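The next block holds one structure in the form of structure tokens; read it before the comments.
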Amino acid sequence: MQVTVNERDAVQSVATAHPAANGESHGHGMDKLVIEGGHRLSGEIVVSGAKNAALPILCAGLLTGDPVDLDNVPNLKDVRTTLKVLNQMGVKSETDGCRVQLDASRVDNLVAPYELVKTMRASILVLGPLLARFGEAKVSLPGGCAIGARPVDQHIKGLQAMGAEISIEHGFIEARAKRLKGARIVTDMITVTGTENLLMAATLADGETVIENAAREPEVSDLAHLLVAMGAKIDGIGTDRLVIQGVERLHGARHSVIPDRIEAGTFLCAVAAAGGDVRLTGVRPHILDAVIDKLREAGVSIEEGDSWLRVKMDRRPSAVTIRTSEYPAFPTDMQAQFMALNTVATGTAQVVETIFENRFMHVQELNRLGANITIDGNTALVTGVDKLSGANVMATDLRASASLVIAGLRAEGETLVDRIYHLDRGYDRMEAKLTAVGANVRRLSGSQA
């Protein structure tokens, strides 16, 4: 049966209707960050594991009854939510710092409920593994950041090609299949979570699956490397054509999550904006090529080693034009941070967003700080100004909140960033890491604010 979902309607009603309710459910209530601008940054920052690799990797624990031992897992809201979803299904998990051990030998509930899924779209990633190992799954339609339409349809079409019967009723995706069959799947758009879901499902399918137009993101490759360690047979890792020979069962494995290239890029932009000399450790520079190239174009000095980067900046940046696209091009998740950098640059630059609609919500907030940005469709025109001045601003989504922190580090006076529960979804204690290199940033908890 064919299913089409207008996912935007399902998503927007959740994401925009209750920003406050969303915030209260995030543990910290309505925390704020207070930033006093004008401090240079110097010292060392350790980059955490990648959120966008950790989430699918945690879900891959569902594919085996053996223990899966993970390291370098970031301590983030979205990770904790994913673990809650898994725990509700009967997965046992033990967390010790950055280590997480999963045991999915006694899964007894194949439903991912709305209360958990609505705060995080990545919960859709349990669909493929549950269907492949248990033959059925029921997953609530997702929520998460309020950024335009997301392509759940691609997941559904791919699983249907592998023989799954899927219906959408009462806000749930319900799927069943005796055993998935290998298939050739061509997605009509590149989708990271879609590639991950289909890749996990294919590992236990009967026969060969070919995923054409697969996402090439390093986080997809990291998931693939874990699956191979668990006994999966996958060719073409890192390319847009993944070939999977299904196996009867997967076994346990140990795996260390790759470093977060977006967190690393965010700190590079922070130093570029505030000025200073900072060493980032625990990084993989080669997966940051597009970002590093653009920073060098802006006049930033960057040295790279195997697992470190040193970033130095002692002048005003030059404006750089960026255009977001799929990996290995410039990442949409770094667009807002570069917009913040361009606000204080010399010259004028275009920022073109080709991946998500509705991803310029930070523009009016940056303009409140004195930036000069105009929007025309999917393009923002940024004319650099001599100085920004601190003001009260509000975070609207994860990367927008990072851009406001970067702008605040550069602005004169005090900037107050409200609703930073968005920031906590993707950054592990950002204010602590910035404070350690000389920034003046402090968190006000909901009660003080």
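Backbone N, Cα and C atoms are what each Cβ position is placed from, and that goes for glycine too.
The active site, proton donor annotation in Swiss-Prot covers CYS145.
Sequence-distant contacts of ASN52 (phosphoenolpyruvate binding site), defined as residues of its own chain at least six apart whose C-beta falls under 8 angstroms from its C-beta, comprise VAL192, GLU217, GLU219, ASP260, ILE262. Sequence annotations record features per position, and here Swiss-Prot assigns phosphoenolpyruvate binding site to LYS51, ASN52 based on sequence analysis.
In this structure, ILE355 (UDP-N-acetyl-alpha-D-glucosamine binding site) belongs to neither helix nor strand by DSSP; it is coil. As annotated by Swiss-Prot, UDP-N-acetyl-alpha-D-glucosamine binding site applies to ARG121, ARG150, PRO151, VAL152, ASP153, GLN154, ASP333, ILE355, with the evidence given as sequence analysis.
If you look up Swiss-Prot, you'll see CYS145 marked as 2-(S-cysteinyl)pyruvic acid O-phosphothioketal.
Every protein chain shown contributes to the tally, and the Cβ of ARG121 (UDP-N-acetyl-alpha-D-glucosamine binding site) ends up with 23 other Cβ atoms within 10 Å. In the three-state DSSP scheme, ASN52 (phosphoenolpyruvate binding site) falls into the helix class. Of the recorded residues, VAL152 (UDP-N-acetyl-alpha-D-glucosamine binding site) and LYS51 (phosphoenolpyruvate binding site) place their C-alpha atoms 20 Å from one another.
Under 8 Å, Cβ to Cβ, and six or more positions away along its own chain, LYS51 (phosphoenolpyruvate binding site) finds PRO74, LEU76, ASP78, VAL79, ASP260, ILE262, ARG425, GLY426. Cβ neighbour counts within 10 Å, taken over all protein chains shown, single out VAL152 as the most crowded of the binding-site residues VAL152, ILE355.
Of all the Cβ atoms in the protein chains shown, 19 others lie within 10 Å of the Cβ of ASP153 (UDP-N-acetyl-alpha-D-glucosamine binding site). Residues near GLN154 (UDP-N-acetyl-alpha-D-glucosamine binding site) in space but far in sequence (CB under 8 A, at least 6 apart, same chain), listed by position: THR187, ASP188, MET189, THR191, GLY194.
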